[in-house]
Every structure is written in structure tokens, then in C-alpha cells.
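Here is what TrEMBL says about this protein:
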{"type": "TRANSMEM", "residues": "108-124", "note": "transmembrane segment"}
{"type": "DOMAIN", "residues": "160-424", "note": "domain 'TLC'"}
{"type": "TRANSMEM", "residues": "165-184", "note": "transmembrane segment"}
{"type": "TRANSMEM", "residues": "220-242", "note": "transmembrane segment"}
{"type": "TRANSMEM", "residues": "346-369", "note": "transmembrane segment"}
{"type": "TRANSMEM", "residues": "396-416", "note": "transmembrane segment"}
């Protein structure tokens, strides 16, 4: 079993003497290339002023080895069987997966975790395949009362999206309740308590004893489920946004019938021309905020993978929880808008704005992001992690989380425009689905107007 310990002798770190992260990344890249080639002494070619003690290119700031080699090894299934002296069985697998902390499942880059992640993605897609048609049928029945029978045939896309948002609401509500139950008493959430313990360190506990923090089975599976949902959401976004068609590589050009065409043009028309074998066009189910949502999913999945690899699941769990809680009123607002319940839509919209401001525009930037920026140096406090790694990797996570926060402000400005339309015109328009407002004509009819250029089509949204 893996032993975990904490240092009782904190180390003071002066980061001001370390090179800026662009310089550190640059010479680390050069070292990565030169060391295998036998030119690891390339620093001797630089002026002595750049390589003396405490200078940016000094040998003392050279990254000694991969940070992965500094991490305590997670327990593999084979090691678990050897340590417990039991044969492989269903009971042993259950004990390993659900009762043992700090296993290979905690690192999403291991084959064990990847296999578990793919199984969870498959389960999620099967659940969606069963539940979304059921929820969509409920939406169809509700539409009969709110919109009339004539509205339904031309708006099957909206009815399907109703089913998707009911599924999202069920997931976000369930995972939020689970997150609150699992982490409410954890020390990194103690700052929310009316009377925190006298020895509480708050968000500093995110980084203390790093990287020897045990990863509980509950945290492991919470992370696996969240990673599976985000990966499946990225896949679904692409499926809903693009139509992919396969076509022959060769096709014949049409012969010209114009008498003024020259002989070369007539001759060339007899030959076939090449075209790309795959034709991609925008789908009529594409979201109005596809660009922002796509960036959000890419950044989120990078953060999920990175935080799992770098043993920063405590920080990741906080980011997950504030996102999930704020998504609940978003889903409710979309469902109320579909049903055209104006009073309910207005109430859900006001709740959405308030919760969004509290979670994504307050807790995320001023609690979690602040801790990443100003408290993450505690990773190096016990002297186990060389400070140069903090210089290298902290800006990466800072930029990715900063991008999320920027996207949240962009979406919040969209909410303000939606609120203005709701108050001034009495109309509820979902600008995340339609940037120019919801169309008067049906979505099914407008979806037929796709323009193809060189195998690609752009939806006019």
C-alpha cells in the first residue's frame, strides 16, 4: 500500500529569483531535445552573465526530471492483489474500485482509469438513448397544451432539445447533491461555515501535504463520473453541430453548353475532378453559442485531465461543484421557456442570474482562482516538489481557469440581453440557442437552407 506523509518543516520559497515561465518553458524544451542528443551542456555557449548563480539560465533552475517521477505511485490492481494476498475476483475488484484509496483509477491517464472512463461514457450514452426520447415525449405532450398540435410537426428539434435539457437537469441536480454530500465537511469548504474551526486553513488545504494527499474512493468516482459526462457532452455537441457525409473522391464535371467556351475548357470537361471524401456541414440543431460552448468543453476537458494527472482533484472538485449548481437554474429556465410559462420563466431567469453571479462570477474567481494564484505555492512548502515545477505549470492552470471565467462573463452578458428583452418586450428568447432571437418560422424549415462551399457549410445563425 502507498504510504502518505506530511512534512513538519515548512520551506520558505522565494519565487522572485526564478525565471519567468516563458523562459523556463523555453530552456526546458531545449533540454528535452538536447539531452538525448548529447548536447546537454548547451548553456556553456551562453554569456556567463546568463548562467551564473541565480541567473535565469543557471543549472540550478534546470528541471531535474519528469514531475511524474516525483509523485507517489498509485496502487495498481495487480499490486492490490499482491498486498492483500487474494486471487482476482469480482469481490476483489469491488474492494479495489470502491473501498481502496489512491488507486490507478485516480489518474485519468492510466489504462485502468481510461477503461473505466470509456465504460462510464458508454453507460451515459445508453441512458441518454433511453431517457431523452421518454423526456421528449413528455415535452411533446406538454406542447400539445401550450403550442397546439399544428406546432409539433415543424418543431421536433425543439422537442428533442426539451428532452435533452430534462436529462441535463436530472444529472446536474443529482451530481450537485452528491457533491454537497461528499465535500461539505471537507476543510477546503470550511470557509463557508458560520463558525469555522479555530485551526481551519480553508482553501490552503487544497495544496498542503502535496503530492501525498490520499485520494478517497468517493473522490475517485466523483471525478470519473464528471470526466465521463464532460467527454460525452463534448461528443454530443459535435454530433449536434455537424452533419458528416461521405462522398466519392472522383466526380465528373458537367460539360459546358456555351458556344463561346474555348477548346481547352471543353476538353477538360471530359475528365473527372477530385473532391474531399468527407463533406462536413453545419447541422440545423447547432447551438447559437457553439463557439463559446466548444471552447468551454475543450478547456474543461483539459482541466479535468490535467488536474487528475497532477493530483489536483481537490481543486477540480470545487470547480465541478460550482458549475453543476449554477447549471440547475439554467436548465430550469430553458424548460420553462419551452413551455411558455412566462411567470415561471421570469422567476427561473432571476434565480439563474443570482446563482450564476454567486457561483461562477464570485466563488470561482475570488475563492478558487485566487487560491490557485496566491496559495498554490504551498505545493512546494514541504520541500518535496522543486519550485521550478510551480513556475512551469501554475501559469498553464491559471490561463485555463481564466478562460473559463472569461467565458462565464460572456455568457452573463448574454443573460443580461435576454433579461432586457424579457423586461422591455415581454418576450423570452434563448440567445444561447439563437443569437438573433428565436425565429418566427419553424426550426425544421430553416434547417433546409444550408449553403455548401468546397464540402463545408456554414449555418447562418
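Glycine residues also receive a Cβ, built from the backbone N, Cα and C atoms like all the rest.
Residues 98, 101, 103, 105-106, 108, 113, 116-117, 120-121, 123-125, 128, 171, 175, 178-179, 182, 280-283, 285-287, 290, 293-294, 297-298, 300-301, 304-305, 308, 313, 316-317, 320 of the same chain sit 6 or more residues outside the transmembrane segment (220-242) yet have a Cβ under 8 Å from a Cβ within it. Count of Cβ pairs under 8 Å against the transmembrane segment (346-369): among 108-124, 165-184, 396-416, the largest is for 396-416. Note on the domain 'TLC' (160-424): mean pLDDT across this stretch is 87.
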